[in-house]
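Annotated features in TrEMBL:
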type     : residues : note
REPEAT   : 115-148  : repeat 'WD'
DOMAIN   : 427-532  : domain 'U3 small nucleolar RNA-associated protein 15 C-terminal'
REGION   : 583-613  : region 'Disordered'
COMPBIAS : 604-613  : compositional bias 'Basic residues'
Amino acid sequence: MLRTPHCVLSPYVKKEGVTNVWESYKNGKPLQLGHRINSVAISSIPPYRYGLPDGYNVNLYKCDSDKRYRKLGGFSARVTCCSFRNDGKLVIVGEEGGTLRICTTDKNKFHLRKIKAHKGSISAASFFYDGLRAASLGSDANVRIWDVTLGSPLGFYSVCTGNEIARAMVTGRLDNNLVCFGDLKGNVVICDIREPSPIHKITLSAAVSALGFNKTDKLLAVAAGSVVQLWDFSAQKFHDYNGSQGLHLHYKVTTGLFIEQHPVTDEEVLLSVAMDKLVKFTNLLNGTELHQLQCSSPLTAIGVTPKCESLVIGGERGFVKIKHYDPKPSSVNSVSSEEQNKVALSDTEEPYMSLLSQLSKPNKRDRFMSMKMDEWLKVPLASSRRAPKDWFSPGEFKTDSKQHVPLIHQETEISRSGRLFHAQTLEKTYNRVDNLLRRFSHSRALTFALTCRSWMARSKRKIIPTPQYCLNLALAVIRELIRRDTLAAAIAGRDNRQLEYIFRFIYNNIWRKDAAAVCLELYHCILNTYTAEELMDIRGFVKVNRLLELISSNLYSLSRIVDKIVYQPHNLLQSKSEPVVEGIHSSPLSSSEYSTKCEETSPTKKRRKVNVT
C-alpha cells in the first residue's frame, strides 16, 4: 500500500469550493509614514477611528475612508505612543522626554493637560475603561496612575526591584481598575489600582514583549519572545493547548497582540505581529491557525476595531498596512477592486515602489534622459531619476531603449566606468536570504550570502551591490547561524570548491575590525567539522594559516615592543639610584647586572608565541 506523502504547506493551500472569511479583506488606502510605528490607537465606539504616531506629530484617520481628519502637533519631543479613549474624543500621548499629554480631537494642536510623568521615555500609555483615569509606563521602571480631569497622580507601581525597563502594559477593556505590565526579566504583574500592592505575579522564562486582554478581561495573552501563552484568571493557570502551555506562532520576537471577536462567529481570535513580517490569525481557545498575512517590513504594532472590521498594522520605517472586511463584494465592486489592485500595493510591495513605477512609464517623457552625463551630474540628486542618454556606449544606445536605462536612487554609488553602478539597498536580496532562513535552509543561505556579489556579476545585472553591502549581509547571516547553533550544519557536507570560497572570505576579511570575531568562529567551526587530511588539499586553507601565523607573529612583536617601552623608564630609574644602593647594601649590583635581573623577572619573558593553527 502506498503511503500518502505529508506536505508541510497543506494548511495554506487554498481549497476550491471553500470560502475563507479572512480572504474577504481588501486593502485600504496606501499609507507610508516617516518613522517607526510603536503603537496604534483604536476607538471602540462608532464611528471608528485610528491614530498613528509619526515623529513629532500624531495623525488621526477615519476607518471608513482612511482619510486623515486631524493632525496633532506641538510636542516637545518625539511621540512614542498614543491611545484613544473609548469614545474617540480624547487622545493620550507619550513623549521621549517623559512628558504625558492629554489632547482633544475636536481642535487641532490643542492640549488639555501636560504632565511631567516620568524621568525617561514613556513606553506605553492608555486610558482605563471609564475614561476618567489613565496609566503610563516609563523607562524609570514605574507605572503611574493619573486623574485625567485634574492631571494629578493617583499612585504608582514599581516594575521590579531593579532598574529593568517594562516593555508592555495593558489596561482592562471592561474593568475600570485592572492594569497589567511586564518587564525584561519575564515578570508579569497584575494590579488593581484600588490596592497599594499587586494582586498577582507571573514569572516567565523570557522577556515580556506584548500583552493583551480579551473582551471580558478573563483571559490575558502574554508574549515572551516568540512564544504566546494565555493566562486564565478564573483557573489561575495558563491555558492548555494539547499538552503545551505555549503557542509557537512566530520565529522572531512577537511585538503586538490583540484579541477580538471573529467577523462571522462569536469565537475570539488572537491576532499577533512579530519581527518576522508575519501577521497570524489564531483561534484563542484551541490554538488553531486560521490565516496568516505576510508584509514587507518587520512589524511592531497592531490595532483592530470591533468584530475585526478593520485591521491597522504598523512596522519599521513607517510601514503601515490597512485591511477592511468586505462581507458581500458585488460584481461591480469586484471589477473596480481589480482595477484598484493594479494601482494599489500588494502585501509584499512597499508604497514608494508603486509611485516610482507610475512615474517611470515608457510613454512619459523624462527630462533626465535627454541630458548628457556632465549636465546630469550637475543637477542635485534629490530623488530617484533615470540615467542620462550617454549612459551606454554610442553603439548600444537606442532612442527607444528607455526601459533598459537604469533608475538611479539617492543611495546609488556610480562607478567611473559608466557601465555599472552599485546599490546600497537591495530589497530582493534581503528578502531572498530571509526566505531561506525562514525555511531553515541554512546551507543555501550561507552559500548565497558569501557568493552574492560574484553571482550577481555573472548574471550581467546592472545593479551590483557594494562590497560593504555584501560583507554586512554575510556577517549577518553567519551571526544568525551562530545564534541558532546551526553553523556546523551549514558548513558540513561541502566539497573542496565550496570550501575554497569560504576560506577566501576568511582570508579577505579576517583583518577587519567588525569581521574578525565572526571569521575566527567560522574558521574554528571548519576545523571542528573536517579532518586535517581533507583540509590540507585546499589551497585557501594554507593561505589562511599563513595569514594567521603572520598576524600572531606581528601581535607578539608588537607586545614585546610595548613591554619594552613600558619597562624602560623603570630600569633607568633603578640605574640612577645605584650609588645610593651601593652605600646601603653590602652586596651591590652593577647596572648591567640589575637590568639583566629585571629582564629575567619581567613578564615579557613569560610570554610565548601563540600558534593559532
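The count begins at 1 with the first shown residue.
Just so you know, glycine gets a Cβ as well, placed from its N, Cα and C.
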I'd like the per-state residue tally for the domain 'U3 small nucleolar RNA-associated protein 15 C-terminal' (427-532) from DSSP, helix first, then strand, then coil. 80 helix, 3 strand, 23 coil
Whole-number mean of pLDDT values that fall within the domain 'U3 small nucleolar RNA-associated protein 15 C-terminal' (427-532): 81
DSSP-assigned states of the repeat 'WD' (115-148) in counts, ordered helix, strand, coil: 0 helix, 20 strand, 14 coil
